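Structure, as structure tokens:
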Ligand code: SF4
Ligand code: SF3
């Protein structure tokens, strides 16, 4: 195996024997195979479009679902991944039969044999290292990981019946092109930039899907304590799943709590009516081993980040959608997208109530609509000098010790700064008592990592409010934490919106070659972070 797609890759070089994340070598190979067979499917889809064939949405959704499965900490289930490889081959073969001119295909039917052992043997020749040139590989993977993140966001939008085929076409054309091993650097660089542009479109689509379906997030106080009833903990990013879970648990005597990236579900008006939607339990994803034991009830993973569960509670872990873990029950949607959570609810009824690990409240819900409603107040605070600077600190959290940097950074920020955040990175500082400025909290949480779109919208609106020509003239600095591939698409999206001088940490991605880093430094002023004091001095010089 070779995998270097996330921030905790071994020695910041690559995982070769097993993943630091807990991914086994065979799972990593099966994921490479799934990415490759998806590229073959994309090649057929593109050629069919060229023959004016109307593509059924289910194939677009299959492409994004497949890429989503391979995201860090989403799916560790070898059988489930290989099943998906076989389904993809079948879909590709079915569509291939409809294609008149097969001469333009990059590869024909490389995997028509669906024997699993033979398929796994082929995995070695389709992995990341097939592209030998380090810079080509770097740009190719940068775009591929951006597409993985984008696919996750598309999948959430698709589940709510929102589609934008232009984004699917970009994804499919790019993946099909990446079947080729050698691709000129200039073309790859253009593809990386385009990935960012489509990333913005995908996040805008998901924002529209979420807000039109569930209402605009509002300022909300979220309880972090517990009730005395048994509960179900729901983790990940899929709002449709939490909607169905809340509906099905209502009146059952079982309460519902959010975990990690599901916290922002509390900010949506549509979910506020549920009395049994108690609050948020625990912290960032990487603390789940300690916290799930204390939760006592079942946990439903709708997406990443799963930490391989301890035997003490593995029987309480359920997965759905792109998430999977061997030995955990996977809940599948029916043909109408409905998921039956009865088994989890019945399981919860036999469990004890959660142990209280914290008490108090968190405040969030500062997505674009809510912040823009406060625009005059914010603009006045900036004009009066009460707010000197905004610091965008969104992105991912991770278990690396050095990430205490972000807590220290938040604590040491001058008191006239406001943190804008989204994603699980917030758990490094959202429980600190940082106070407020003229009634505006010093940590404004827009929501999940995909809601980084909101942060960009807020920046663009402030640019207009201050009559500036360039988004980089705003009093905003960017100190972003990354871990997995959704943060990659967030970063590429910000670059495509013209944001410069982003500090990226806690380490620069291992998949960026020295030359690619140099390009990003030169064109966008990207910089790695250093010590808290040095970075504060740089930002506030
Ligand atoms: Fe290693 Fe990250 Fe890949 Fe897991 S996802 S195998 S930790 S690089
Ligand atoms: Fe977190 Fe996994 Fe990336 Fe959605 S839950 S931000 S790391």
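Note that Cβ sites are derived from N, Cα and C of the backbone, with glycine treated the same way.
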Quick one: which of 351, 424 does TrEMBL put in the hybrid [4Fe-2O-2S] cluster site with 237, 261, 305, 396, 449, 484, 486?
424
Using a 10 Å cut-off on CB atoms, tell me which of the binding-site residues 3, 6, 15, 305, 396 is the least crowded.
15
Cα-proximity to residue 484 (hybrid [4Fe-2O-2S] cluster binding site), 10 Å cut-off, over binding-site residues 3, 6, 15, 21:
6
Ligand 1: which of the binding-site residues 3, 237, 261, 486 have a Cβ closer than 6 angstroms to it?
3
For residue 21 ([4Fe-4S] cluster binding site), write down the residues of its own chain that are at least 6 apart in sequence and whose Cβ falls under 8 Å from its Cβ; none is a fine answer.
6, 8, 15, 72, 73
Suppose we screen the binding-site residues 3, 15, 305, 449 by Cβ distance to ligand 2 with a cut-off under 6 Å; which survive, in sequence order?
305, 449
Give me the CA-CA distance between residue 237 (hybrid [4Fe-2O-2S] cluster binding site) and residue 3 ([4Fe-4S] cluster binding site), in Å, as a whole number.
24
Neighbour count, 10 Å Cβ-Cβ cut-off, for residue 486 (hybrid [4Fe-2O-2S] cluster binding site): what number do you get?
33
What kind of secondary structure is residue 15 ([4Fe-4S] cluster binding site) part of, going by DSSP in three states?
strand
